[in-house]
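Enquirer: Below you'll find the structure I mean.
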Amino acid sequence: MVQLPAMKRVKGRAPLSVVVAIIGGLALAGIIFTEDLRGLTEVKEKVTDKEKKRTSLRTVMRTSALLSADQPPPPAVLSVEPATATPPPAPKMAFNATRCSVTDGYWAYDRSKKLPYTDQTCPYVDRQDSCQRNGRPDSDYLYWDWHLDDCLLPRFDPVSMLEKLRGKRIMFVGDSLQLGQWLSFVCLVNSAVPDTPGAKSMERSRTLSVYTVKEYNASIEFYWAPFLVESNSDRNIALGAGGRVLHVDAIEEHGKHWRRADILVFDSYVWWMTGYRIKSVWGSFGDDGYEELDAWVAYRLGLKTWANWVDSNVDPATTRVFFMSISTTHMRSEDWGREGGIRCYNETWPITQRGYRGSGSDRRMMEVMSDVLGRMRTPVTLLNITQLTEHRVDAHVSVYTETGGLLVTDEEKTDPQRYTDCIHWCIPGVPDTWNRLLYAHL
């Protein structure tokens, strides 16, 4: 019997099932290792990014510290995103009467501004308004300009203004505030007129005053009519407020002087605001009795009489008509936070709060004014000076004025409660800005 030789076992060789299991295990381990490695790599990248940001932040902080110490920055390139540049403010457009708001603006101080005149160089400024000549010690109030938010308000150009007035009459009509605007206008124009004999002339009277410039055949006039309608105090100015009687439906005695003017500039407000009810009559002053009306009721009647006269007598093709809004008074220092103050006395700086409104302008009267003007057939431009005057508590004549025709004395100045005038304005001063608005509209 032949025996077959025995088979030899090969070392290290495993059964196929074992091999397959081992290979599968190795593959799974490889996958797990790869995922772990990827995770470790991502963490490392995140840490690296954070470190980069920290490094950049530290670099910026060091640079800021160096800059604040007035030292040059290190020569390193900062790894930060560029800052977004702030766009420059939009350029203001040239003044356009229909698109520009004269009430949206602010007062800016400019000590370098050259004054076109002073109360010493212009011989026509009344003593009542000559603050510097009357001894006012400060002058900052002279160097503020009204800037519009969106538009450029042009400077008053006296030569250009005279060209506009060549062969024409401009007449200012109203009360003592309007008289101040007229004087300001005259002084602005006069700054461009030579002081040669016959080049100009001035005639003053209680009712009508006329400044003429011969070369331009231009006439700049003022007519006194504080209520616009007729009253028993038109000529008797010294008559007390309680004794005034208005003829609310009569105006022709005044109106006959306004005809044939090329430009009419009206104002009427402060004389209505005495605190008294307005004694009003219809028909002749000789009639017995009168009716006492609230100021705003009488004001509406008077303005309607004026509006009817304008609509009946003014040709819009040949005459421009303007109406000045309320010139603000400053009678309550509490309005602007000056507790214990005496009205505008010793105020040397404007109120800078945007849109400030105090108690010195009656809104109901303003509404009456706007309503009457809005119903007229004749185009009338309302020059809204109310907001810009609200801020100028510093620019009134205060105690540097006259009262009863006499200059306030040094002794009287020690009693500001009695002698401070916070209605009228120093000239030069705020009325020059009113005339800038007028010039811009012309």
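Cβ from N, Cα, C; glycine included.
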Enquirer: Looking at Swiss-Prot, which of Cys100, Cys122, Cys131 bridges to Cys426 via a disulfide?
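Expert: Here Swiss-Prot pairs Cys426 with Cys131 via a disulfide bond.
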Enquirer: Of the listed cysteines Cys100, Cys122, which one does Swiss-Prot record as disulfide-linked to Cys187?
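Expert: Disulfide mapping in Swiss-Prot sends Cys187 to Cys122.
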Enquirer: If you have Swiss-Prot open, could you say which of Cys151, Cys422 makes the disulfide with Cys344?
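Expert: Going by Swiss-Prot, Cys344 is disulfide-bonded to Cys422.
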Enquirer: For Cys122 (disulfide bond), which of the recorded positions Asn96, Asn346, Asn384, Cys422 has the nearest Cα in space?
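Expert: Given the candidates Asn96, Asn346, Asn384, Cys422, the nearest one is Cys422.
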Enquirer: CA-CA, which of the recorded positions Cys131, Cys151, His424 lies nearest Asn96 (N-linked glycosylation site)?
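Expert: Ranked by Cα distance from Asn96 (N-linked glycosylation site), first place goes to Cys151.
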Enquirer: What are the non-local neighbours of Asn384 (N-linked glycosylation site), defined as same-chain residues 6+ apart in sequence with CB under 8 A from its CB?
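Expert: The list for Asn384 (N-linked glycosylation site) reads Val102, Thr103, Ser325, given in order along the sequence.
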Enquirer: With the cut-off set at 10 Å between Cβ atoms, which of these disulfide-bonded residues ends up with the most neighbours? Options: Cys122, Cys131, Cys187.
Expert: Cys131
Enquirer: What subset of the recorded positions Cys100, Cys131, Ser176, Asn217, Cys344 lies within 10 angstroms of His424 (active site, proton acceptor), using C-alpha positions?
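Expert: If one measures from the Cα of His424 (active site, proton acceptor), the recorded positions that come within 10 Å are Ser176.
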